[in-house]
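Listed in Swiss-Prot:
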type     : residues : note
TRANSMEM : 33-53    : transmembrane segment
TRANSMEM : 77-98    : transmembrane segment
BINDING  : 83, 182  : heme b b562 binding site
BINDING  : 97, 196  : heme b b566 binding site
TRANSMEM : 113-133  : transmembrane segment
TRANSMEM : 178-198  : transmembrane segment
BINDING  : 201      : ubiquinone binding site
TRANSMEM : 226-246  : transmembrane segment
TRANSMEM : 288-308  : transmembrane segment
TRANSMEM : 320-340  : transmembrane segment
TRANSMEM : 347-367  : transmembrane segment
């Protein structure tokens with residue numbers, strides 16, 4: 001008799017994803033991040049659910065309700081900090097996952113890659129709205145500054161901003177709708193992640209060499225379930241270390257001051273995972289130009305499959321492209337650092353150089369280098 005996992009309509013789906021999935025035999029630990037992102041998402045949904053049971057989305061009580069969660073709710077402080085630091089872990093895994101895709105040419109799976117870009121936008125929107133909810137100083141001013149960027153859109157900008165705010169400033173209506181969106185978006189992310197997987201399983205996984213591996217596949221279970229559990233344990237360990245030892249390491253002290261529309265913080269900045277984009281936004285002295293650069297810095301990812309000029313898929317055997325890839329990573333780290341610095345010399349000029357280099361690398365240097373490598377291969 002056939003095993004029930006292969007015949008039962010629901011178990012068959014799970015089986016095809018986690019058990020009998022043919023997987024390349026040579027994928028490295030960089031392929032762990034997909035499952036880790038799934039784990040992060042489940043953790044965030046669960047901790048978020050318990051936080052929502054005690055949180056009140058009202059300007060007068062939001063800050064107090066977060067303090068109440070931390071002080072009076074059983075293990076409320078653990079849930080709150082798991083959720084806050086879980087977001088940081090989510091983005092670490094997300095950026096590692098994208099870096100892997102860039103390095104090994106996984107973007108050649110166009111549908112999977114494009115759904116991934118949409119997922120990135122959705123996760124960024126969710127994280128931004130979540131940051132507004134504690135209603136601290138940085139929550140309020142972050143929401144004001146970022147939503148205000150939409151006013152740069154010609155003709156409809158101001159109307160659009162006031163429509164999003166639900167009034168003439170960030171207020172009760174804004175907080176309520178942000179809470180509603182912050183609650184629903186993770187479930188949309190979950191659905192999109194399933195679509196992401198469906199598209200991936202149409203083609204099968206890529207591998208470090210970028211060469212088709214149809215002749216050398218192994219079942220996902222037990223090989224990669226075991227490998228993924230190791231990654232999951234390391235992720236959980238890191239998250240617990242952050243939460244229990246340095247819960248505020250990645251946060252902003254300003255957010256422990258209740259929101260005050262009459263007092264602007266000295267330096268308004270988003271969470272660390274948005275700083276690279278924030279630095280690109282600030283490096284252009286024109287409002288509309290900055291907003292466009294900010295959008296393009298993420299949207300450029302959708303162009304990457306079209307910018308691939310190499311005859312090889314992966315960068316594994318392309319040393320010049322590898323060098324430029326690591327320059328790009330260094331550039332993004334520089335932008336992240338600049339985004340957290342005040343707007344003064346020399347940070348402004350460094351940020352402008354780093355922003356130009358970011359676009360130059362992706363749009364010009366990497367495609368041209370790939371063409372040169374193609375020529376060198378003929379020698």
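Each residue, glycine too, has its Cβ placed from N, Cα and C.
Where Swiss-Prot records a feature, it is marked here on the structure.
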residue	record	DSSP (3 states)
83	heme b b562 binding site	helix
97	heme b b566 binding site	helix
182	heme b b562 binding site	helix
196	heme b b566 binding site	helix
201	ubiquinone binding site	helix
Inter-residue Cα distance where the pair is residue 182 (heme b b562 binding site) and residue 97 (heme b b566 binding site), in Å: 23
Same chain, 6+ residues apart, C-beta under 8 Å of the C-beta of residue 196 (heme b b566 binding site), given in sequence order: 112, 115, 116, 119
Among 182, 201, the one of these binding-site residues whose Cβ has the fewest neighbouring Cβ atoms within 10 Å: 201
Whether the transmembrane segment (113-133) meets the transmembrane segment (347-367): three or more C-beta pairs under 8 angstroms: no
Residue 201 (ubiquinone binding site) versus residue 83 (heme b b562 binding site) - Cα distance in angstrom: 30
Integer Å distance between the CA atoms belonging to residue 182 (heme b b562 binding site) and the residue listed as 'ubiquinone binding site': 29
Count of other CB atoms lying within 10 Å of the CB belonging to residue 83 (heme b b562 binding site): 21
